[in-house]
Amino acid sequence: MSTTTLDSAASPAATVADASRRRVRRRGRSSPLGRTVTHGLLVLASLVAAAPVTWLIYLSLGPDKNDYLHPGGIAGKATFSNYSFVLRHTNFFKWLESTLIVALGTTVVAVAFAATTGYAVSRMRFPGHRPLMWVLLLTQAFPIAVLIVPMYEIFSELGLIDTYGALILVNCSTIVPYCAWLMKGYFDTIPVEIDEAGRVDGLSPFGTFLRLIMPLARPGLAVAAFYSFITAFGEVAFASTFLLDDEKYTFAVGLQSFVSEHDAQWNYMAATAVLIAVPVAAFFYLVQKHLVTGLTAGGTKG
Amino acid sequence: MTVAIESATARRGGDGGRRPGPLQRLRRGYQKYWYAYAMIAPVVVVLGVLVGYPLVRGFYLTLTDADSLNSARTIGVNHIDATYTFVGLDNYKDILFGPTAYDRFWSHFLWTVVWTALCVFLHYAIGLGLALLLNQKMRGRTLYRLLLILPWAVPTFVTVFSWRVMLADSGALNQLLGHLHLPQPQWLEDTFWQRFAAIMVNTWCGVPFMMVSLLGGLQSIDASLYEAAEMDGANAWQRFRHVTLPGLRTVSSTVVLLGVIWTFNQFNIIFLLFGRTSAPDAQILVTWAYQLGFGQQPRDYAQSAAYGVLLLSILTVFTSFYFRWLKRNDQLAV
C-alpha cells in the first residue's frame, strides 16, 4: 500500500525531470540519429526522383542508337552530335512552334475566361452556384475517352482536324473549368474586407474585381496560367489523334515519332527530350513557389 | 453590431451587417446576381459548347453502330454521308454482358480499380512521408525539395520515354539487377511486369504533386497546436495522429479525390510506355477505349464512346459517394 503511494508520488517528479532533460534540445530539432535517417531517406528519394532524367541526359550524349544497351561505352565517346542532328535535320523547330501556339493559345483563353468566374464563384452567392461548382469539378473527372470520339466527329465535320484551333478548343474543355476552380481557391484567400472597402468607396463589382482583386490575385493568375500551359504542353491523347501532318506535331507527338515499331532512334529521342525538358523544367522551378501556394489554397482554407 | 458584421464576413456571402428593407434587398440582390451571371458567362459558354454539346453528341453515338466505315467523312473532294443506324442500348449490353465481355470489359475494369487503388495509396503514403521529412528544419531542405519535384517538373511524355529505355530488355534497370544477381523481368512484355512497371512509373510521376500539396498543408498547421500538444505530454506519434492528420484533413480529401480521378483517367503513361498496339492486358479502361476508337481498323467509334460514358458514370458515382462519406465524417467530427 505505502509503496504504491510512494511510487505514484515519485513518478510525477521523474516525469518532470525527464521532460526537463528532453527540453534541453530545442523544439523542432531532432536527434543526430533522427537527422541521419532523415537525410538518408531524402537522399535515396532524391536519387530515385532524379535518376530517369539524369539517365536521359547521359544517353543523349551517346552517338549510336544502340548505345543505351552499352551505357558504359558512352563516357568514352560522348558527343553533342545528336543535338546538332536533331536541331538541323528534324522538324524540331516546327514542333516547337506548334507546341507554343497550342500551349500559349490555351493559356490565354483559359486565364481570360476563368478569372471572372473564379471571382464570382468565390464571392457571390447566386441561384445556380452549387450546380456550377459541381460542374466545374465534374469536368475534371472527364476521361478523354468520353470526349475524344464526338470531338473528332465534330471537328471532322467542321474541317478542323489537323489544325491548332481544334487542339486549343479541346484543351480548353477541361483546362478552363479547372482554372476557374484554382482561381476560386486563390480568391478565397483574399480577405473579403478588401472588396467591402472597395464597394464602400463606390466601386462596382467589376471595378472591385479589376482594380483591387486582380492585382492582389497575380500569384493565383500565374498559377492558373502556368497550370494551363504545362497541361496543354504535355497533352498527348488529343494531339496524337487530331494532328496528322508531321510538321504540325506538338512535342508530345513528335517525340513518339522517334520510336516506331520498326525503328527506335533512342539517341535522337533522348537529345530531343533533353532539349524539351530543360526549358520546361527551368520554367517550372521559377514559378513552383507560386504553384504550391495556388494549388493548396483551395484545400487548406477549410 | 460587430458580431453581425463578423458573422456576415465569415459567411463570405453578405456585403454588410445591416439588414436592408425588402425592396432594397431585392434590388441589391438583382444587382448582385446580374454581375455574377455576367461574370460566369464565359465559362458557362465554354462548358456548354465544348463539354455539353460533345457529351450529348457522344452519348447519341453510343446508341448507334458508328465506326470509321460508316461515319461522315471526306476523301479528297468526295464527301460521304454518315450511314450508321440507331441500335438503342445494344452497345452497352454487348460491353457489359455480351460474349467475351469479361475479356473486353471486366478484366480491364478490375485492373483499373487495382491500378487506381494502388497508385493513389502509394502516391499518398510516399508523398506524406516525404512531406513530413521535408517539414523539418534542416540543411539542404531546398535542394531536396528541388530534386524531389523533378518528376513533376519534366513533362510526363518525356519521362515516360526515359523509363521505357530504362525498362527495355537489356536496359539500365535490368543491367543493374543483373549486377546485383537479381532476376531480370521482361518489364515491357510480360503482363504482370507490364502492370508492375506501369504502377511504378505512375507512382514516380505522381508523388511530387502529393508531396508538395501535403507539405503546404503541413506548413499551414498552427505551430502552437504542436506546442500545446507537447505541453500536454503527447509523444511524436500522438502529435502526428491528433494534430497533423486532422490538420491535413481538408488537403487530404482534396488531393485524394484528385488523385483517384487523375489516376483512373491516366492516359499518357500506359499509352506511351507500351506504344500504340502492344500490351492489351495492361490497358486500363481509358486507354482501352482509345484503342477501340483510334488504335484499330475499322475504328469502333460507338463502342469507344460507350466506354467513355461508362467511365464517366463510374467516376460520377464514386465522387458523389466520396462527398457523402466526407460529409458524414465531418458531422461525426463536429
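Every residue, even glycine, has its Cβ placed from backbone N, Cα and C.
Here is what TrEMBL records for this protein:
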DOMAIN    A:96-287  domain 'ABC transmembrane type-1'
TRANSMEM  A:36-58  transmembrane segment
TRANSMEM  A:100-121  transmembrane segment
TRANSMEM  A:133-152  transmembrane segment
TRANSMEM  A:164-183  transmembrane segment
TRANSMEM  A:221-244  transmembrane segment
TRANSMEM  A:264-287  transmembrane segment
Distant-in-sequence neighbours of the transmembrane segment (A:264-287), which means Cβ under 8 A and at least six residues beyond its ends: 53, 56-57, 59-60, 62-68, 82-83, 85-87, 90, 92, 222-223, 226, 230, 233, 251, 254-255, 258
Cβ pairs under 8 Å between the transmembrane segment (A:133-152) and the transmembrane segment (A:221-244), at least three: yes
Outside the transmembrane segment (A:164-183), six or more residues from its ends: residues with CB under 8 Å to it: 98, 101-102, 105-106, 109-111, 113-115, 117-119, 121-122, 135-137, 139-140, 142, 147, 151, 155, 217, 220-221, 223-224, 227-228, 231-232, 235, 238-239, 242-243, 248, 250, 294-295, 298
Contact set, same chain, for the transmembrane segment (A:100-121): CB under 8 Å, 6 or more residues outside the stretch: 129, 132-133, 136, 164, 167-168, 171-172, 175-177, 179-184, 186-187, 209, 213-214, 217, 220-221, 224-225, 228-229, 231-233, 235, 239, 250
